[in-house]
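All remarks here apply to the structure that follows.
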Amino acid sequence: MIETDRLIVPTAVGPQEEQIERALRPRTLAEYVGQAKAREQLEIFIHAARKRSEALDHVLLFGPPGLGKTTLAHIIAREMGVNLRQTSGPVLERAGDLAALLTNLEPHDVLFIDEIHRLSPVVEEVLYPALEDFQIDIMIGEGPAARSVKLDLPPFTLVGATTRAGMLTNPLRDRFGIVARLEFYSAEELGYIVHRSAGLLQMNLDEAGALEIARRSRGTPRIANRLLRRVRDYAEVKAGGEATGAVADAALVMLDVDRAGLDVMDRKLLGAVVEKFMGGPVGLDNLAAAIGEERDTIEDVLEPYLIQQGYLQRTPRGRVATPLAYRHLGIATPASDAELF
């Protein structure tokens, strides 16, 4: 699978990386870099909730993977001075799984559900009254003797995170009082994050090295920190531990991450659209078959950055390569395509 062998995939690739991420994670909103709009809103809402001694309204965080949704959930709990209970949509298979979590919450605690779009309908039905009225219905007994018992819950905050907000049901989406979309980071913001992480890793990294890593990190802090660790390895072996701009560039070229932040899979996808399908439009199923990947992987992992950077367009008829894609691949843009753009 692409997630396990791709250096610039935005999802976490294992327990070891998750452990490193936790060590590098900012602990407060003051330390959190980027997402200025979401950060400002959360600062105000958290301050107001604490001033009134209330639970924070339920929060929905959505956007591409690796942008800091889990980090923000931890920060929200820390800023509120409460406990955080963490789970994910696929883990909550039965209504009882959710009920066990909810009944163990303390007042104002934060319950973080990652991949909340993957909750089962049965679990969602239990969640609705919990979010709205802080109550749940529990079935006691079995068969004809079974009866429903209503349990009161302490006021709590649900923080839901998703990469696919469009898959949330309307009733669930409507129960979030605070909705924040996380955007890709600028090179300057990522440079600051890389510098901070380098300090925590006790690594010698100059400004040019940080910028070289930042501009190849696809606007994603998780990728930036991963590339930083690989540059550190290269610098320690090849450059006496000094990660300059030239050293970072050499390390990333060795890793097949080009100066636009594209890797072999990105170039393979763009090459397929340009060379096998004459620039498009090409349907998603045909494209998936051409490069040997699942359509969900293309939609969720490969496409977002290519579209955001202007290499690819998604049209009603299929995917179309832009002149920028042709230039990046070193292929002349057909005259008919050049006229379209």
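In case you wondered, yes, glycine gets a Cβ from its N, Cα and C as well.
As annotated by Swiss-Prot, ATP binding site applies to Leu24, Arg25, Gly66, Lys69, Thr70, Thr71, Glu132, Asp133, Phe134, Arg175, Tyr185, Arg222, with the evidence given as sequence analysis. Here the Cβ of Gly66 (ATP binding site) has 27 other Cβ atoms within 10 Å, regardless of which shown protein chain they belong to.
According to Swiss-Prot, the Mg(2+) binding site annotation covers Thr70. Long-range neighbours of Thr70 (ATP binding site) (same chain, six or more residues apart, CB within less than 8 Å of its CB): Phe112, Asp114, Ala161.
Taken from Swiss-Prot, the feature DNA binding site applies to Arg295, Arg314, Arg319. With a cut-off of 8 Å between CB atoms and residues at least 6 apart in sequence, the same chain places Leu284, Asp285, Ala288 near Arg295 (DNA binding site), listed in sequence order. Arg295 (DNA binding site) falls within a helix when secondary structure is assigned with DSSP.
Among the features that Swiss-Prot reports, region 'Large ATPase domain (RuvB-L)' is placed at 4-185.
Per Swiss-Prot, the feature region 'Small ATPAse domain (RuvB-S)' maps to 186-256.
For 259-341, the entry in Swiss-Prot reads region 'Head domain (RuvB-H)'. On the 0 to 100 pLDDT scale, the model's mean across the region 'Head domain (RuvB-H)' (259-341) is 86.
In the three-state DSSP reading, Glu132 (ATP binding site) counts as helix.
Taking the Cα atom of each, Glu132 (ATP binding site) and Arg314 (DNA binding site) are about 38 angstrom apart. Across the fold, the C-alpha of Phe134 (ATP binding site) and the C-alpha of Arg314 (DNA binding site) stand 42 Å from each other. Long-range Cβ neighbours of Arg314 (DNA binding site) (same chain, at least 6 residues apart, Cβ-Cβ under 8 Å): Glu303, Ile307. Here the region 'Head domain (RuvB-H)' (259-341) has, by DSSP, the following mix of helix, strand and coil residues: 48 helix, 9 strand, 26 coil. In the structure shown, the C-beta of Tyr185 has more C-beta neighbours within 10 angstroms than that of any other entry among the binding-site residues Phe134, Tyr185. Note on the region 'Small ATPAse domain (RuvB-S)' (186-256): DSSP counts are 51 helix, 4 strand, 16 coil.
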